[in-house]
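Q: Relevant sequence annotations retrieved from TrEMBL are reproduced here:
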- B:35-474: domain 'Amidase' (DOMAIN)
- B:79: active site, charge relay system (ACT_SITE)
- B:160: active site, charge relay system (ACT_SITE)
- B:184: active site, acyl-ester intermediate (ACT_SITE)
């Protein structure tokens, strides 16, 4: 299963990474090399094997349903590229 | 006594307590070494004032007869993947350049609470993705080691914890934190002639560590001796309700229980780790390691881990898949860089920000991960990889029915030169061939130096243990350390 230029551009778009045509073209053989190599997993007989979900058996804990944090708005916004009026600011989304 | 900066963590701790020297003298010594080693590029941010503040607090506590922490008087380096409150944390990326956390990671917080002081934030591969420290936005880390051929080729310190390994072997810090996703503590330790342990998955909290692949990421210590690793690991481990995969178990007294007597222990030698064409010096070192463990009283048996050859391809599906999900958070909205071209909308801003903020290897892994998780391919790649991962873990379980620990090489070669493998991502990935299987199975594993190869570079051994049995891993590593008598250190050129 090899991927072409269109597929690389689609993956880049799904990844929200803008790429130039030249960058996308360079990635075609690179990604094909890696994907071609990982495809050897297809030869492993996994009949009846459950996919791993937890590497060390551990139960999921429940905690009491109480507020444990909050009142840290300024800390949350401290590293925002653009914060206005106590909010994260982004380019206009709805005209 | 020679230089204070030649002392181990245990020696600093004990000497400080005994009043042989002040914590301030120790911190000043390491600060000076850090300041004089810019050529290694091991640190992204230096924090000599923090090291001095912790030292002064330790000196004051000692003078007042107050109880001292487990690491009082000991300055350390902190991999720049751990969020440190008030000190820039970048994961060696442009994306997080200028990010100053408003909170402290659990592991770093435990170390400061125990009295340790911070010498600075250590360079690494960008988002911990790499095996040579060549993907950092802040430049390559250089190993203090050089080949004995008279050449001055700059060698890789290993990765991703290459700032940590370079700094420790150059005596810029007595110990440092590392993180290990597929070998990022053990391979750099092997390349620089130091020790490092990746504990059982869940021992150290992941809270506040910049996430790469969450089902694999584990923090651990790096230092020059096994005892020092035990000391640090005890401080770093422990249950944390803020990490849903943190193990709710008491932390064993690893240091107090150190013993290099391996009578009654059986060491497994996995035959799949000795493929045709294995580097002859690595192979010979492994044989020496087997003899050392026999000498320490252990029985040795051959075991089989039949799915070993599939570990790397499994890892290079699972780790990128988890990375593509974890790194989705870097969107230019809440923290880090933002790239907003003129007239750009929200989607354009995301794409431009991520194009400018991530390096090539990070983009490559995000895209591989996105692809293997995308509609129509998820089962063929990701589900299949998780099934093979289960088989790899079962291989270890079956092997551990016959033995208590495994001995293997750590890396397939000694350190290579910077630039030597960078052109081919696959060749770089193969460096992790011996470290990745234990990561996939969540098992504790430790790198310990064994000697120098014919080029004068360190090569080491890896001890892999049963889940939660760090003690046996540490003890076997101690047995190797005592017999290897590894005292080589790089000649200072920097």
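All residue numbers here begin at 1 and follow the chain in the order shown.
Note that Cβ sites are derived from N, Cα and C of the backbone, with glycine treated the same way.
Where the annotation comes from TrEMBL, it is an automatic prediction and has not been curated.
Given the structure is predicted, the values throughout are model-derived calculations rather than measurements.
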Q: Under 8 Å between C-beta atoms and at least six apart in sequence, can you list the same-chain neighbours of residue B:160 (active site, charge relay system), or say none if there are none?
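A: In sequence order, B:124, B:125, B:128, B:129, B:130, B:131, B:133, B:179, B:181, B:184, B:188 meet the Cβ cut-off.
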Q: Any same-chain residues 6+ apart from residue B:79 (active site, charge relay system) with CB under 8 Å of its CB? Would you list them in sequence order, or say none?
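A: The answer is B:121, B:122, B:124, B:161, B:163, B:164, B:176, B:177, B:178, B:179.
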Q: I'd like to know the mean pLDDT over the domain 'Amidase' (B:35-474).
A: 97
Q: Counting across all protein chains present, how many other Cβ atoms fall within 10 Å of the Cβ of the residue listed as 'active site, acyl-ester intermediate'?
A: 36
